[in-house]
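Chemist: Quick paste of what TrEMBL says about this protein:
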| type | residues | note |
| --- | --- | --- |
| ACT_SITE | LYS108 | active site, for sulfotransferase activity |
| BINDING | LYS108, CYS109, GLY110, THR111, ARG112, ARG191, SER199, TYR305, LYS320, GLY321, ARG322, ARG323, HIS324 | 3'-phosphoadenylyl sulfate binding site |
| DISULFID | CYS306-CYS315 | disulfide bond |
| DOMAIN | 99-343 | domain 'Sulfotransferase' |
| SIGNAL | 1-28 | signal peptide |
Amino acid sequence: GSPLTGFHLHLFFLFRWLPRAAMRSVEGDPSDCVLVVGVSRPRMALAIMTVMLLSLFLTFHMIYDSALNSLQTNNVEHNRPPILLLSRRLYPAAARRLPQAIIMGVRKCGTRALLEMLYLHPMVQKAAGEVHFFDREENYNKGLEWYRMQMPHSYPGQVTIEKSPSYFVTSEVPERVRAMNASVKLLLIVREPVTRAISDYTQLRANAATASPALPTPPPKSFEQLALFPNGTINEVYRPLAISVYHNYLHRWLEVFPRDQMLVVNGDLLIEDPVSQLQKIERFLGLEPRIGTHNFYFNETKGFYCLRNETSDRCLRETKGRRHPRVDPEVVSKLRRYFGEHNQRFYELVGEDLGWPEE
């Protein structure tokens, strides 16, 4: 019998050294002894080998999983999903999710700048363009799954944000947004109303000039001609002026969402001192403070701040920050007096005096 038979653990591999004389001569083998390995119980030995292999596999998997988690952390820091997601457990972590925050407006107040600045934060993901889901019937009728597919991939804990400035002025949008996510956080960026109106006029004029350059067109009307009637009264239905009456649109949102679910961002301060505004937004979104002065540099040519991250510097495209035409100061003063009462009503709704000039 085997000398190992009486072992308590019943090992079934037999090891014995035999003298060379007990074996047939093997030509060229200089050894005096030969190791003989045998198996007394093949099934049990197979089970032990299986357990050993499984242990090795689990050990390897733990090391591999740790490495992938490290890769995931590094890629979250750089705001993009890993190039290779080989682990099935990790793969579902990067997914398209409905937005937890929306920049809902206002047009020409810096919505694009705000989105790009927030994207500097490693825990923010942004939709690539304006999705226009809630304000356009042809998109809304495609359903929430279509909307979700317009969102970027993100990890749990990251905040997905989209911006469509026309959400603010479209009457159906507040109810539709609440139906999507009643706890969504809303960012409303505003600028001094007359400045916003002139910026709106400037963009509309630029768009008209490039729409059909080959066709002869009459010279564009000035801002003054469009904002005032010939008798000098204010053209309240002129679209750039109408959108600047913020309280007319905001009250619809506040009928649907509580005030603490909305943050008013001062677009004028975002231009002058972006970090202070972004720190308020980080707190509002529940994000760790990460954006600071190191993320910005002042571009003397453009006259505004540009963005900087670990790998590159960039400014918003040329269409952003256009020079406004000169507007008659008397017209500007008249419009500011007109907006004075409207601004006060807006301040009351948001619970904050933004200090816009009334002359």
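Using the three backbone atoms N, Cα and C, a Cβ is placed for every residue, glycine included.
All TrEMBL annotations are machine predictions without curation.
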Chemist: Once the chains shown are all counted, how many other Cβ atoms turn up within 10 Å of the Cβ of CYS306 (disulfide bond)?
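Modeler: Looking across every protein chain shown, the total is 16.
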Chemist: Looking at the recorded positions LYS108, ARG112, SER199, which has the shortest Cα distance to CYS315 (disulfide bond)?
Modeler: ARG112
Chemist: Enumerate same-chain residues with a sequence separation of six or more from LYS108 (active site, for sulfotransferase activity) and a Cβ-Cβ distance below 8 A; give 'none' if the list is empty.
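Modeler: Residues satisfying the criterion: PRO165, ARG191, ARG196, SER199, ASP200, GLN203.
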Chemist: Which Cβ among the binding-site residues (ARG112, HIS324) has the fewest C-beta neighbours inside 10 Å?
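Modeler: Counting other Cβ atoms within 10 Å of each of the binding-site residues ARG112, HIS324, the minimum falls on HIS324.
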Chemist: Please work out the number of neighbouring Cβ atoms within 10 Å of the Cβ of CYS315 (disulfide bond), leaving out its own Cβ.
Modeler: 16
Chemist: Mean pLDDT over the domain 'Sulfotransferase' (99-343): what is the value?
Modeler: 94
Chemist: Looking only at C-alpha atoms, tell me how far GLY110 (3'-phosphoadenylyl sulfate binding site) is from CYS306 (disulfide bond), rounded to the nearest Å.
Modeler: 13
Chemist: Looking only at C-alpha atoms, tell me how far HIS324 (3'-phosphoadenylyl sulfate binding site) is from CYS306 (disulfide bond), rounded to the nearest Å.
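Modeler: Rounded to the nearest whole number, the Cα-Cα distance is 19 Å.
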